[in-house]
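Engineer: Quick one: structure below, then a few questions.
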Amino acid sequence: MDRLDANVSSNEGFGSVEKVVLLTFFAMVILMAILGNLLVMVAVCRDRQLRKIKTNYFIVSLAFADLLVSVLVNAFGAIELVQDIWFYGEMFCLVRTSLDVLLTTASIFHLCCISLDRYYAICCQPLVYRNKMTPLRIALMLGGCWVIPMFISFLPIMQGWNNIGIVDVIEKRKFNHNSNSTFCVFMVNKPYAITCSVVAFYIPFLLMVLAYYRIYVTAKEHAQQIQMLQRAGATSESRPQTADQHSTHRMRTETKAAKTLCVIMGCFCFCWAPFFVTNIVDPFIDYTVPEKVWTAFLWLGYINSGLNPFLYAFLNKSFRRAFLIILCCDDERYKRPPILGQTVPCSTTTINGSTHVLRDTVECGGQWESRCHLTATSPLVAAQPVIRRPQDNDLEDSCSLKRSQS
């Protein structure tokens with residue numbers, strides 16, 4: 001969100017050396033955000049497996065919002081900050097400020113929706129997740145991420161609601177005494193500061209904390225259940241062991257994904273919390289926060305727009321593979337290996353603690369065949385195809401049965 005870019009009445013501007021350093025830093029931040037978010041969008045569009053994951057719809061929309069922040073907001077802000085002047089007129093100042101509030105709030109809302117999606121995926125039954133996260137509901141959530149921020153951006157800013165009671169202060173701050181020019185100044189009164197900060201940051205932050213806390217508790221319970229299943233299956237037959245191994249892998253994958261998103265949320269809090277705390281405090285202390293503090297907190301928040309793609313690359317294996325394929329021009333080394341005996345999984349109903357149907361792909365006489373069998377899996381784990389090479393007694397029984405039927 002844009003904030004007062006120059007407090008000329010009580011602060012000195014940046015020196016020549018500082019401007020060169022800042023311009024270099026801003027250029028790196030903007031370039032990193034543009035390339036990184038474009039890479040995320042292209043990766044999901046090209047990778048069919050990434051498109052199958054519902055969470056990635058939010059990630060693509062988030063990348064688009066962060067891309068617009070870099071192109072439409074950061075670039076103009078960097079030019080104004082370095083040159084100590086706003087060239088583009090009062091109307092475009094209002095548009096740019098409104099876009100700033102809209103896009104950064106939309107980015108925060110997307111992170112909140114991602115945390116809720118992961119909560120339903122990990123803490124609820126798979127059937128409950130499918131029923132709740134329908135294509136229609138996902139579309140409504142994505143629409144809300146873009147529409148709701150308009151009510152705290154374009155609507156109040158274009159109507160001047162944020163200026164009520166502080167017009168004189170804004171007029172003093174807009175004028176640059178050194179160059180007889182003006183700045184694009186965005187100041188907010190107390191009601192707008194509280195409303196905007198609560199809607200754009202504090203409510204999403206609270207929802208994310210609650211969601212990730214429940215994810216942590218559920219993942220911890222699942223880890224204990226998996227250990228119990230592994231100990232109980234140590235002396236059992238191979239088929240239950242295979243199911244337990246499959247359940248363990250599934251839960252570890254979900255838990256790792258949750259940890260990745262927790263890191264993303266942690267970076268988001270580190271980047272945006274200083275700004276939103278100051279945004280509420282400043283109107284109550286007569287707007288005495290120094291310009292350079294505002295600049296630092298504002299651009300710390302902007303850095304978050306370029307940080308998310310690199311978090312995906314380093315912490316998410318699927319995205320890392322997709323990025324390598326794109327950057328290495330479809331190098332075959334990074335493509336997913338084909339799955340032998342790939343078939344449609346058996347129809348299952350997954351209920352907490354109930355019996356599930358799993359499909360095994362086994363080798364019989366040099367041919368891969370798919371079969372279904374019942375097994376007890378850990379709670380909240382949906383049945384998926386399992387490929388295994390059966391034991392000798394399995395091969396003997398299954399092949400002899402096939403010969404007798406023929």
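Glycine too: its Cβ is placed from the backbone N, Cα and C atoms.
Feature annotation from Swiss-Prot assigns topological domain 'Extracellular' to 1-19, 79-92, 158-188, 284-290. Positions annotated as N-linked glycosylation site by Swiss-Prot: Asn7. For 20-44, 55-78, 93-117, 134-157, 189-212, 258-283, 291-314, the entry in Swiss-Prot reads transmembrane segment. Positions annotated as topological domain 'Cytoplasmic' by Swiss-Prot: 45-54, 118-133, 213-257, 315-406. The feature disulfide bond is assigned by Swiss-Prot to Cys93-Cys184. For Asp100, Asn279, the entry in Swiss-Prot reads serotonin binding site, with the evidence type similarity to another entry.
Map the listed features onto the structure and describe their local environment.
Structural biologist: Sequence-distant contacts of the transmembrane segment (20-44), counting only residues of its own chain at least 6 positions beyond either end whose CB sits under 8 Å from a CB of the stretch, comprise 14, 50-51, 56, 59-60, 63-64, 66-67, 69-71, 74-75, 78, 81-82, 299, 302-303, 305-306, 308-310, 312-313, 319, 322-323, 326-327.
Helix, strand and coil counts from DSSP across the topological domain 'Cytoplasmic' (45-54) read 7 helix, 0 strand, 3 coil.
Using a Cβ-Cβ cut-off under 8 Å and counting only residues 6 or more beyond its ends in the same chain, the transmembrane segment (55-78) has close neighbours at 2, 5, 22-23, 26-27, 29-30, 33-34, 37-38, 40-41, 44-45, 88, 96, 99-100, 103-104, 106-107, 110-111, 113-114, 117-118, 121, 138, 141-142, 145-146, 257, 298, 302, 304-306, 308-309, 312.
For the topological domain 'Extracellular' (79-92), the model's pLDDT averages out at 86.
All chains included, 21 other C-beta atoms sit within 10 angstroms of the C-beta of Cys93 (disulfide bond).
Using a 10 Å Cβ-Cβ cutoff, Asp100 (serotonin binding site) registers 24 neighbours. Under the three-state DSSP scheme, Asp100 (serotonin binding site) falls in the helix class.
Note: the topological domain 'Cytoplasmic' (118-133) comprises 13 helix, 0 strand, 3 coil (DSSP; helix = H, G, I, strand = E, B).
Residues 1, 101, 104-105, 108-109, 111-112, 115-116, 118-119, 148-149, 152, 156, 161-166, 258, 261-262, 265, 269, 272-273, 276, 279-280, 282-284 of the same chain sit 6 or more residues outside the transmembrane segment (189-212) yet have a Cβ under 8 Å from a Cβ within it.
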Engineer: Measuring Cα to Cα, how far is Asp100 (serotonin binding site) from Cys93 (disulfide bond) in Å?
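Structural biologist: One finds 10 Å between the Cα atoms of these residues.
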Engineer: Across the topological domain 'Extracellular' (79-92), what are the DSSP residue counts per state (helix, strand, coil)?
Structural biologist: 9 helix, 0 strand, 5 coil
Engineer: For the C-alpha pair, I'd like the distance in angstrom between Cys184 (disulfide bond) and Asn279 (serotonin binding site), rounded off.
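Structural biologist: That separation, Cα to Cα, works out to 17 Å.
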Engineer: Can you tell me which parts of the same chain pack against the topological domain 'Cytoplasmic' (45-54), counting only residues 6+ beyond its ends and a CB-CB cutoff under 8 A?
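Structural biologist: Result: 60, 117, 133, 138, 318-319, 322, 325-326, 336.
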Engineer: Distance check, please: Cα of Asn279 (serotonin binding site) against Cα of Cys93 (disulfide bond), rounded to an integer number of angstrom.
Structural biologist: 19
